Amino acid sequence: MAPVSTRHLLKMKTQGEKIVAVTAYDYPFARLADASGVDIILVGDSLAMVVQGQKTTLPVTMEEMLYHTRMVSRAAERALVVGDMPFLSYQADIGEAVRNAGLFLKEAGASAVKLEGGAGVCATIKAMVDAGIPVQAHIGLTPQSVHAMGGYRIQRDEERLVEDAHRVMEAGAFSVVLEGIPAPIARRITEEIAIPTIGIGAGVHCDGQILVMHDLLGLNLGYMPKFTKLFADLKGEAVKGFKAYGDAVREGSFPGPEHSYE
Ligand code: KIV
């Protein structure tokens, strides 16, 4: 099967075909996601929270993001791999932002990058696109701005959200993530702009959806926001497996002769 490209995603929007996106952070889960037929695998900076156990996404570094993106890129045969630009890797200086974005493609095998922000990051998006780096924008509830937003709050300023969506499209973004915004606003944006919208907590009318892998597979050990849904319970299965292994070791039934060498 041909690898998914940004052109392919645009075609899916025009044909009304839903885009399926998910996060993954390592080789085995990226292989499973890819084999399931997802269109986009985002190596999200959410890994700070769901993999590293940090309280916010802010502490994760470029080095760590590249490390995880390499694992995912090795695994994905079909899905478009998007590397998420971590906090402070693109906000301070446009030249540094382009160089950091380029590292996701050059050293980590991603096909695109994602960054958070609307009108305020358009010059950065344009500089990246001019350098040949496909960019996915991310507007609405932008977790890297958690302190500026006063918490993880649903964003309801319709005119600002619509303006941001148009501006990132005009700057050259190939797609935009809409996070934590009312469904009617996401619908209006999806109808107005020409690039695919990928929703998370933005209702059903987006061109596609994305969820954090740990939330949908039941591996989230913390808070589950309203917009997530459990599609499998790997946490329950993992605990069952660890417990069965522990019981077998303690009672001496593992390893058996079939697991031992003469
Ligand atoms: O970091 C992430 O996982 C994300 C998605 C939730 C869109 O940005």
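Each residue, glycine too, has its Cβ placed from N, Cα and C.
Per TrEMBL, active site, proton acceptor is recorded for Glu179. Cβ contacts within 10 Å of Glu179 (active site, proton acceptor), excluding its own Cβ and spanning all protein chains shown: 23.
What TrEMBL records for Asp45, Ser46, Asp84, Lys114 is 3-methyl-2-oxobutanoate binding site. Asp45 (3-methyl-2-oxobutanoate binding site) falls within neither a helix nor a strand when secondary structure is assigned with DSSP, and so counts as coil.
Within 10 Å of the Cβ of Glu116 (Mg(2+) binding site) there are 24 other Cβ atoms, across all protein chains. Marked as Mg(2+) binding site by TrEMBL: Asp45, Asp84, Glu116.
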To the nearest whole angstrom, state the Cα distance for the pair Asp84 (3-methyl-2-oxobutanoate binding site) and Glu116 (Mg(2+) binding site).
9
Using a Cβ-Cβ cut-off under 8 angstroms and a sequence gap of six or more, which residues of the chain neighbour Asp45 (3-methyl-2-oxobutanoate binding site)?
Thr57, Val60, Met65, Asp84, Met85, Pro86, Phe87, Pro143, Gln144
Under a criterion of Cβ-Cβ distance under 8 Å and sequence separation of at least 6, what residues of the same chain contact Lys114 (3-methyl-2-oxobutanoate binding site)?
Leu42, Gly44, Val82, Gly83, Asp84, Met85, Val135, Gln136, Ala137, His138, Val177
